[in-house]
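Have a look at the structure below, then the notes.
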């Protein structure tokens, strides 16, 4: 039985050491148990789901809960993604191949991937309710995709044995595995955004096509009977379908001003037609596309975030109900069970970190955690906390009298002063200016050595002031040694690399300006979410690349510049003789293999000169379809995300929103300012002898004892920030909605402020 604890004071080292000792006894005693209680395992599953925003309705039987923990293990998820991308990458080795492999080898790999997918799906079926599993569309899609892939593989193999050429049509379903496994919920959310946005986009697109057709008809009447010719000597605006396509390309500005020049040469007044067309279709309709996409994206994003927030609350309440015990007039979770739960949910957290979490959850040190604090545990676990260990400088141990002398202390105070940092920031700015100047000048060359000397002095002063391991780190030393060995002691190259690395410190100067921080934070928040849009783009690229290979494979050939092969100047196709495609030497832009197809699609996404890639007339429909899906829909959704990220970051910067957990850490005196840790070592592993913290000289203990710091104020994703902001609108005492009510929430559903108790039954 744990004794009652005194009020928590993180600055009291003796109290913290006592708490760590008690925690170690509890941890060791827990290892003697043969198995964990079922309610604890089930509660851990609920808390883990709340922590990672999973909404899988799993069974609650002992065997199912253990299988569910295994299903969510990080190694299982990594293995699933590995085989998904292996399955997608088989297109590089199958005909038409970038790196050809025997059909037997690719077939064995594909069957292996399909067996892994089937095993993963079977594992998922074991942990979910049967009626839920069979009603879930994504599970049906995976099973159908596996069946189609095996059927197509068998048919293709048999036909290949009889030398009959066939199409591997099942390759187009491979991206289904990337979308529909439970791990890919972010990609599914993006596709849901597209699906929900399509109806509104359709109306705008129809109006846009009506405008395009009307302008094309006017262009036919204005220019069709004037016998104008293009720069290549072709008829200008005489075919209605060609006019429609040319004006569609003009909307993307890829053929501006080429498409206008024949009319402009004939009469300057005709430019009014093209100006009106660009204003209406490029600036108005394309902006309407973005507005519609953004409006629908924001509406459905808020609904998704609302579901996540309520689902997290519901799961935490379910976990609390499993572990609660009666304490007076309220239900609570005892400290011992709380620690067992945290150890089970986050086994990699250190003992001091868990004590910090308990100190925050049980801030009055009553020996239990109430419901209001317990519900916040999922957010508490998501905050990365680091601590500071101050090491004694080697010189303080070797020559304490010299290192502790008055001149030495003065020198160290100067190096630690902010003015020292500002001075070297100014030197870096001046160095950047010199780098931009003419390197042939001898004065510039001499200046480079002066700057290098100043940087060496800075390093030596900091090594003298700060503990060397804290300042450098082994990774830095290893990279420096590797660079020297790789460059074979070429001093000029090493000097250039040193200068480049020093100039990169300008980023820190920019980031220190408050107004620039909004933009920097937005960029940082976008980076993780780029994986979601990268997966979305990968799916679209794979589908269109496979279709493109089946439609256009072999129609264009690439020949080296000095090739004497027939039709080398026409890219191997006589139909391309004297075409813009051949004259522009675009022969390498083809669909002869998977890699080339990706490059062509990337060029189409950028849309510059994309009309010149269209070598065959029927291909225009294919490329227009890709442009609509990729550029008009997906790129606009990505732009919508950037807009929302900026608006959220800007509002955060204005209102200085902090989570309740972050405020608690600061209120308990466990926070530390950024400038205090500028060159100190931040340790993720806090297991080792925190009570041995010592000051700079090693002569007295650190006054603050344990010092904790939130790793970053910059949230990993904008979605996480939106969820926390939305959770702030939910009263902590509310029970929340039931699972069924949460899943049925729609963007227009009104969420009750105080849900009735019936909804939590």
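Cβ atoms are placed via backbone N, Cα and C, with glycine included.
Looking at 36-56, 99-119, 162-182, the range annotated in TrEMBL as transmembrane segment turns out to be 99-119. The transmembrane segment annotation in TrEMBL falls on one of the ranges 222-239, 240-257, 312-329, namely 240-257.
The stretch that TrEMBL tags with transmembrane segment, taken from the ranges 201-220, 341-360, is 201-220.
Only sequence-distant pairs (6 or more apart) were considered; of these, fewer than three Cβ pairs between the transmembrane segment (201-220) and the transmembrane segment (419-437) are under 8 A, so the stretches are not in contact.
If one looks beyond the transmembrane segment (240-257) by at least 6 residues along the same chain, the residues whose Cβ comes under 8 Å of a Cβ in the stretch are 212-213, 215-217, 219-220, 264, 274, 277-278, 281-282, 285-286, 607-611, 620, 624, 627, 631.
In this model, the domain 'Ion transport' (418-651) carries an average pLDDT of 75.
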